[in-house]
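First comes the structure, then the notes that go with it.
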Amino acid sequence: MQTYLLSQQFNAKSLAENSTACPANATICNGTSCVLPEDNFNETLSIILSTVLTIMLALVMFSMGCNVELKKFWGHIKRPWGIFVGFLCQFGIMPLTAFLLSLVFNVLPIQAVVVLIMGCCPGGTASNVIAYWVDGDMDLSISMTTCSTLLAMGMMPLCLFVYTKIWTDSNAIVLPYDSIGISLVALIVPVSFGIYVNHRWPSKAKIILKIGSIVGAILIVLIAVVGGILYKGSWIISPKLWIIGTIFPAAGYSLGFFLARVAGLSWHRCRTVSLETGMQNTQLCSTIVQLSFTPEQLELMFTFPLIYSIFQLLFALLILGGYRVYRRHRVKTKADVEKTEEKEDSKSTSSHAKINGGFVSNETK
């Protein structure tokens with residue numbers, strides 16, 4: 001009996017040790033050697049985020065469309081100088097900047113390719129929300145986003161073919177045309193509804209626009225936070241990619257603004273082109289990377305799109321904050337000048353009235 005109890009205790013102890021050695025979700029457990037099921041957390045989270053993102057951005061773009069006037073929008077299509085400048089920025093400046101940054105920092109070939117993929121992506125829809133908050137040209141912003149997404153069907157393969165030849169075969173990069181098509185539909189359809197609402201019910205469109213702009217701003221920040229905290233990517237990557245992820249969006253904003261100003265565009269259109277240039281479709285870049293590379297290669301550069309997304313948002317918020325401070329100061333200064341002129345006019349009028357015995361002529365009224 002005593003031997004049986006000792007044996008039972010030994011078995012219980014052995015089971016306890018095995019239970020601590022092997023996780024509860026292990027499919028096969030032999031001592032400390034366990035076979036775990038494949039972790040699909042990244043894939044599942046990516047699908048959830050993509051679905052929620054597509055729906056929410058469609059609603060936000062509907063509200064942005066409520067600020068677009070059909071005549072002005074069509075005017076940009078008929079006289080596409082602003083769109084052409086944006087095209088040069090999007091598929092000229094950004095891929096070239098990505099190529100030069102990769103050369104200067106001498107990153108690994110696989111890392112250079114992901115930087116170039118980011119540079120060749122079309123503009124992101126978040127730029128439309130930020131453009132609204134900095135008093136940009138919304139008609140130009142939406143037309144640029146639409147055209148860059150449409151032209152990406154042909155320009156992305158061309159740019160990748162030109163710039164990636166020294167590092168890899170461009171045929172090895174899989175372009176998800178279905179994702180580009182979905183992005184295009186998710187942009188054009190809700191914007192079209194928004195333009196129609198603005199045309200039929202202008203007063204209601206203004207209310208929708210205010211709500212959508214606030215929701216859009218919250219959504220942009222929320223996506224960045226959720227993606228940065230919850231996504232189980234490999235954050236231990238080369239410091240060079242962190243530096244490039246910081247410099248790249250800042251260079252896009254600056255060079256886009258400079259080229260737009262050289263092209264003779266107005267200040268509010270320069271701000272629009274700047275945002276459209278620096279804010280890339282990082283979700284599309286992540287999709288291309290996942291489709292094109294092996295898990296071992298992904299470990300070296302998978303989180304670069306997320307790094308770029310975070311810094312492009314931070315710089316966009318800095319631009320927004322700087323513009324708001326500037327506008328407040330300018331409005332205050334103009335108000336002070338107008339008050340000073342009114343006081344001077346009132347003083348001159350009263351003095352003129354005293355000299356003429358209280359009579360004020362029609363010219364001084």
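Placement of Cβ uses the backbone N, Cα and C atoms for every residue, glycine included.
Annotated in TrEMBL:
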- 336-347: compositional bias 'Basic and acidic residues' (COMPBIAS)
- 336-365: region 'Disordered' (REGION)
- 45-63: transmembrane segment (TRANSMEM)
- 83-105: transmembrane segment (TRANSMEM)
- 112-134: transmembrane segment (TRANSMEM)
- 140-163: transmembrane segment (TRANSMEM)
- 175-195: transmembrane segment (TRANSMEM)
- 207-229: transmembrane segment (TRANSMEM)
- 241-260: transmembrane segment (TRANSMEM)
- 306-326: transmembrane segment (TRANSMEM)
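Segment contact is absent for the transmembrane segment (175-195) and the transmembrane segment (241-260), given fewer than three CB pairs below 8 angstroms at sequence separation of 6 or more.
When each of 83-105, 112-134, 140-163, 241-260 is scored by its Cβ pairs under 8 Å to the transmembrane segment (306-326), the top-ranked stretch turns out to be 241-260.
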